[in-house]
Amino acid sequence: MAQLSAQVLNSLRPRTPSACSSTTMASLWYGTQTPIASVKVSPGFWGSAEFNSCRLSVLGSDRSRNFSVVRDSAERSEGGVAMETVGDNQVEDSPGKLEERDFTGTPYVPIYVMLPLGVINMNCELVEPEVLLNQLKVLKSVGVDGVMVDCWWGIVEAHNPQGYNWSGYKRLFQIVRDLNLKLQVVMSFHECGGNVGDDVHIPLPHWVTEIGQKNPDIYFTDKEGKRNNECLTWGIDKVRVLRGRTAVEVYFDYMRSFRVEFDEFFEGGIISEIEVGLGPCGELRYPSYPENHGWKYPGIGEFQCYDRYLMKNLKEAAEARGHSFWARAPDNTGSYNSQPHETGFFRDGGDYDSYYGRFFLNWYSRFLVDHGDRVLALANLAFEGTCIAAKVSGIHWWYKTASHPAELTAGFYNPCNRDGYAPIAAMLKKHEAALNFTCVEMRTLDQHEGFPEALADPEGLVWQVLNAAWDANIPVASENALTCHDREGYNKILANAKPQNDPDGRHLSAFTYLRLSPVLLEGHNFMEFERFVKKMHGEAASES
């Protein structure tokens, strides 16, 4: 599984925090339902700032779901954070030392650990099986429930269409079964490499890249014409350009081959879940922020709909709407590293909320949902009776703006006046699929200190997405976006996994830790990890 880019990682590094402007701080408050004439946040929080009711009035919204400054105390007062009451709400004061919450007796949340990306080499051979066996025994000793592994399309079907080689995976699965561990298996239809922690390069199958050399429109394309060969454009989902097959037929044949080859592991209950890759990094999103095209955090990214197949579909959608002149992508969206206020489309009051803007964003996001719908329908056919899941990325930068531009370019139509994740949750519900979401270890305050101009809010985003999934009554699993070895990060995961005082007792269905490494198994790091596992399991754990 791939992770967030190096630029996102850099955003977490502390920088000298500056005092927030009234505009920036006011943007943290849209969604509050309490009339406020003037609110002062103490200097111990995000610098000193005053809010005036005239600044807040334009930000009012019924979306009170996602804000890190204001929230019901039962949901947001994660032990030890001083709270200042304003009306019926509370405002976090300076974060003191967090008190440890007792998770004894709380629901059991299974813990999986991602295996190294290079555990299977390009010849589909298991790498250093004895080392892996010993590491898995250590994980088993502290109660880890299972492991997650990517089954790479570029390895298994590398040379010829429907010429599958599963040999290395079969040996790996036998080791996991012998240790009585469970397996989460990822159908990885994307390229590996170019992200933080990607220490190997696994391209798409050779026969696919040969097709791409003659027909580069099989890849997502930006407005400059640059192709992204990390995965195939969804525009060919139903077009026979892959040696007589459509893209979704290729994915289905691959999944069906896996199901037949590993039947004994399904029947024996060893394979507990199949996560279906739906885009770059295996995530359901457009590849809107590729580093190899010059993107740097916290750039807003670019729309990725300029291949001829998606443009043809856009033209058909515009004509069906009766406005053929809308058969284009917006031309005032800036570039990969623009900020929203620099663009005519994403700025406050910009074209994103015009008649044309709403048409385009509806089309763009609908294509994302439709792709997930098509592939998951076939996954259910291939894996009937087995839990399936889809991964959604946590695009948390620019979340505190009105347009949410980084989410829009990635395909999540989630501006401040619209819930962009409810349609995805509804689609997953249709297929009884679980949602796997990232960045549950991140704290908004850390983001502000590291890169305040990004107006990021991972806590607000997690809150919104988890509730969209729970409201749709689908299982919600999660994983950390970046490496985590410290107690503070683990405590944040625990708080999201088991929300305190939730009247419905909702909690994550599973958590997958990124990733197995020698560093994780080092003394202090592993002690913290063992403590985390116990708390996720609802067992008593030492607070030392």
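Cβ from N, Cα, C; glycine included.
Copied from TrEMBL, the annotated features are:
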- ASP150, HIS190, ASP198, LYS391, HIS396, THR438, ASN480, ALA481, ARG515: substrate binding site (BINDING)
- GLU283: active site, proton donor (ACT_SITE)
- GLU479: active site, proton acceptor (ACT_SITE)
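Among the binding-site residues HIS396, ARG515, the residue whose Cβ has the fewest other Cβ atoms within 10 Å is ARG515. You'll find the Cα of GLU283 (active site, proton donor) roughly 12 Å from the Cα of the residue listed as 'active site, proton acceptor'. Counting only same-chain residues at least 6 apart in sequence, those with a Cβ under 8 Å from the Cβ of ASN480 (substrate binding site) are THR438, CYS439, VAL440, GLU441, GLY489, ILE493, TYR513, LEU514. Counting only the Cα atoms, the space from GLU479 (active site, proton acceptor) to ASP150 (substrate binding site) is about 15 angstrom. All protein chains included, the residue listed as 'active site, proton donor' registers 24 other Cβ atoms within 10 Å of its own Cβ.
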